[in-house]
Amino acid sequence: MEGKEEDVRVGANKFPERQPIGTSAQTDKDYKEPPPAPFFEPGELSSWSFYRAGIAEFIATFLFLYITVLTVMGVKRAPNMCASVGIQGIAWAFGGMIFALVYCTAGISGGHINPAVTFGLFLARKLSLTRAVFYIVMQCLGAICGAGVVKGFQPNPYQTLGGGANTVAHGYTKGSGLGAEIIGTFVLVYTVFSATDAKRSARDSHVPILAPLPIGFAVFLVHLATIPITGTGINPARSLGAAIIYNKDHAWDDHWIFWVGPFIGAALAALYHQLVIRAIPFKSRS
């Protein structure tokens, strides 16, 4: 059904303006759907920008693990929760670092910092398989190095305080942990798609420079909800880096959850955004 023009208030403008609503607001006049990324693009391998983007993902994930693992260890080291930043502080550390790092790297690599985000964007044909695999490898290497530097600086506390490794908490089943990871990653990747949607930035409803803010805030909220269940993975590189450096049996017992869950959540978010949210037809005018 075609939308009609109605009086609406746009932004902070106190004067009513005549604006089309519904599908009439979404013509090719203000937006053109970009072509999907090629499935495989070997030409990228000869481009410096390709490797620069991978280095940016490595450094960002390195810094992410370094700061967040130290924060988790600081909370566990405290004699009681009141003597530390607590769960809220951990959530702020994760969300704040994602906000800062996405802001710093978005213009270079897209600011993924998470294999699940990369996987979701790949399914939506936002990047090629070549770039997706390279990003995931660099993210995992960065996470391993970040956790490794923390252990290098504080070897004994790192081992005794758990090294920031993700495990399913006592009292929760594997299914509960898997569900928490699926839903948590869905929230994150859905937010990434919404915050970076070119269709929105083509109109006045979106300010692209603010995209890191909702992404970081989504990470913060998911951590508040799921830290008591799994310690919050929603990022396979983060879980892998901490598990490899910590290297205790219980850190590997349920490690599959922190890959399967985020990848399922990312796939569901990509499908939902592409098939439901973006499934509004664009009317072409001759």
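Even glycines carry a Cβ here, placed using N, Cα and C.
Going by Swiss-Prot topology annotations, SER47 is found on the same membrane side as ASP197. The stretches the transmembrane segment (133-153) and the transmembrane segment (55-75) are in mutual contact, each linked to the other by at least three Cβ pairs under 8 Å (pairs 6 or more apart in sequence).
Between the transmembrane segment (82-102) and the transmembrane segment (209-229), three or more CB pairs separated by 6 or more residues in sequence fall under 8 Å, so the two stretches touch. Residues of the topological domain 'Cytoplasmic' (103-132) grouped by DSSP class, helix first, strand second and coil last, total 16 helix, 0 strand, 14 coil.
Residues of the same chain lying 6 or more positions beyond the ends of the transmembrane segment (55-75) and with a Cβ under 8 Å from any Cβ of it are 81, 84-87, 89-90, 93-94, 97-98, 101, 104-105, 108-109, 111-113, 135, 138-143, 145-147, 149-150, 154, 157-158, 161-164, 231, 237-238, 241-242. Sequence-distant neighbours of the topological domain 'Extracellular' (154-174) (same chain, 6+ residues past either end, Cβ-Cβ under 8 Å): 65, 68-69, 72-73, 76-77, 147, 228-233, 238-239, 242-243, 245-246, 248, 250-251, 253-255, 257-258.
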